[in-house]
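A short worksheet on the structure shown next.
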Amino acid sequence: MEALINWKLIRQMFPLHDEDYLKALGHSWYKSLSKDQPFEDIHAYFGESIALYFHFLNFYSYSLVVPMILGFYQLLVSNEMLAFFCVFQVLWATGFLVMWNRKCSELAFQWGTINMTSLNDNPRPTFHGKMGEDPVTGKMQPQYPSWKTYTKMYCVSFPLVVGCMLGSFLIMLASFWLDRYIRSQPYSNTAGYIVYVPSILYAALVYIMNMYYRELANYLTEWENHRTQSQFDRYRITKLVLFEFVNNFMSLFYVAFYIQDLDMLRTQLAVLLTIYQLINNLQESILPLILQYTHNKVTLSSITKRISSDKIPLLKNIQGEELRQRRREREETKTEREVEIPLLDSEDSRIVQTKRESQLDPYEGTYDDYLELFIQFGYVYLFSAVFPMAAFWALINNMLEVRSDAFKLCCLYQRPIARQVKNIGAWQRAFECLCAISVMTNCALLFMIPELRSLVSHWSNSEVLFMFVVFEHILLLLRYVLVYCISDKPQWVRVALAKQNYQSRQAMKT
């Protein structure tokens with residue numbers, strides 16, 4: 001079916017919503033403020049991929065509670081406790097990712113997907129190559145040399161991605177330089193609105209770059225010709241995350257480590273974690289709801305005008321009579337071995353529901369949802385030394401995000417086709433990279449805070465740099481010890497898997 005859609009022989013393919021089930025799910029999900037998320041119902045209705053996203057959102061939100069409490073405490077005490085807070089944040093983020101890996105193993109075992117590998121996936125519809133025998137299934141399938149894929153990735157795709165990242169960085173620098181130039185002019189005080197021009201231009205350019213870069217990333221990943229959907233998603237996400245990292249965090253790095261204005265950095269983080277994320281939630285749910293309402297109203301108006309004509313009722317009656325006559329003829333002539341294919345009237349509730357849901361937008365997957373959490377995770381942990389309250393605002397946003405994402409899945413999109421997964425894939429590595437970078441950023445910020453820098457004012461710059469390197473390496477060592485010592489599978493999952501393997505070997509012997 002996916003191949004037929006790719007060849008444009010089928011316009012759309014989507015499962016219909018179960019309206020009764022969906023109504024009950026909505027009441028226990030986004031309409032309820034006190035209950036936990038109905039994870040079993042979400043999994044039963046939407047499948048593993050979407051259920052895993054909401055499990056991750058829930059797990060991540062709970063992990064923010066302790067940093068939030070410490071953030072409040074940090075406001076009440078002096079900055080001398082800030083070093084302890086930063087160390088805790090780094091180790092806590094590492095522990096969160098390790099424990100999430102364990103949670104993934106539990107869920108994958110319960111769902112029966114823990115032993116999934118890319119070799120189990122069918123080739124993508126657009127995967128091409130010479131026909132040959134598949135080593136796993138023994139069936140004839142397209143075969144494509146992996147060295148060609150890697151050559152395309154490292155010789156073409158990677159340089160293009162780096163070039164796009166560099167272009168985004170240069171545009172960011174140009175925005176700062178233009179802002180500094182305008183503020184230095186004598187007319188900037190009289191025409192206050194002019195000082196906002198660089199920010200507006202930069203925001204517009206970032207939006208345009210994001211739009212075109214996504215198309216480029218999709219094209220390059222398709223051109224690389226990855227065999228399975230999981231491989232395609234992994235390399236596509238890698239390209240997109242690298243670019244989004246530059247777009248969302250490089251300006252903060254510039255403010256923190258080049259301009260070295262910690263108050264400006266703190267203000268930008270506060271704005272990004274409050275106003276920006278609130279606007280993003282409204283854009284995700286409220287705007288599509290308004291557009292859908294307007295579209296439905298226009299569609300209903302056009303249908304009403306068509307029905308009001310004289311010819312349409314007559315045509316509908318003729319078509320209905322023809323359908324009923326054909327149904328009677330089939331019932332009279334069918335034999336016991338024939339399979340009856342029902343002919344549905346246009347007024348049939350299933351046809352009406354199909355037409356209505358075909359007007360909804362298809363759900364494109366969990367990429368944008370994970371990306372929001374990835375960016376938020378960076379805001380919370382990369383610069384926690386200067387904005388300890390980041391966890392509080394992130395938790396407030398996530399409480400809204402759960403309801404917003406649940407609402408749009410239940411009301412604004414076609415029902416997605418269920419997809420099996422065993423973990424969050426490339427996103428796990430992306431979060432781990434952010435966690436490692438946060439060690440370096442927080443250590444550097446600690447040595448830049450005036451109150452803490454005054455404690456070592458008698459040190460030379462080389463001594464400060466040496467202590468920064470030592471402190472950073474100690475934290476990295478603690479982080480990797482934590483990752484190494486905690487298994488990614490709980491004991492009961494390891495025992496259950498060993499038991500399954502033992503039973504399989506015993507069954508093969510008999």
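In case you wondered, yes, glycine gets a Cβ from its N, Cα and C as well.
No curator has checked TrEMBL annotations; they are predicted automatically.
According to TrEMBL, the domain 'Anoctamin transmembrane' annotation covers 42-499.
Beyond its flanks by at least six residues, the transmembrane segment (52-75) meets 36-37, 39, 42, 81-82, 85, 88-89, 92, 96, 99-100, 103-104, 107, 366, 369-370, 373, 377, 380, 384, 388-392, 394-395, 398-399, 401-402, 405-406, 421, 423-424 of its own chain at Cβ-Cβ distances under 8 Å. What TrEMBL lists as transmembrane segment is 52-75 (among others).
Sequence-distant contacts of the transmembrane segment (81-100) (same chain, six or more residues past either end, CB-CB distance under 8 Å): 56, 59-60, 63, 66-67, 70-71, 73-74, 377, 381, 384-385, 388, 428, 431-432, 435, 438-439, 442-443, 445-446, 449, 452, 475, 478-479, 482-483, 486, 488. Summarising the annotation, TrEMBL assigns transmembrane segment to 81-100 (among others).
Long-range Cβ contacts of the transmembrane segment (153-178) within its own chain (Cβ-Cβ under 8 Å, at least 6 residues beyond either end) map to 197-199, 201-202, 205-206, 209, 213, 216-217, 220-221, 223-224, 235, 239, 242-243, 246-247, 250-251, 254, 259. Summarising the annotation, TrEMBL assigns transmembrane segment to 153-178 (among others).
Taken from TrEMBL, the feature transmembrane segment covers 190-209 (among others).
What TrEMBL lists as transmembrane segment is 240-259 (among others).
The transmembrane segment feature in TrEMBL is assigned to 373-396 (among others).
Residues or ranges marked as transmembrane segment by TrEMBL: 430-449 (among others).
Positions annotated as transmembrane segment by TrEMBL: 464-486 (among others).
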Recorded stretch that, among 190-209, 373-396, 464-486, has the most CB pairs under 8 Å to the transmembrane segment (430-449): 373-396
Residue numbers, six or more beyond the limits of the transmembrane segment (373-396), whose CB comes under 8 Å of its CB atoms: 56-57, 60-61, 64-65, 67-68, 70-72, 74-75, 82, 85-86, 89-90, 93, 241, 244-245, 248-249, 252, 256, 262, 265-266, 269-270, 272-274, 277, 427, 430-431, 434-435, 437-438, 441-442, 445-446, 449
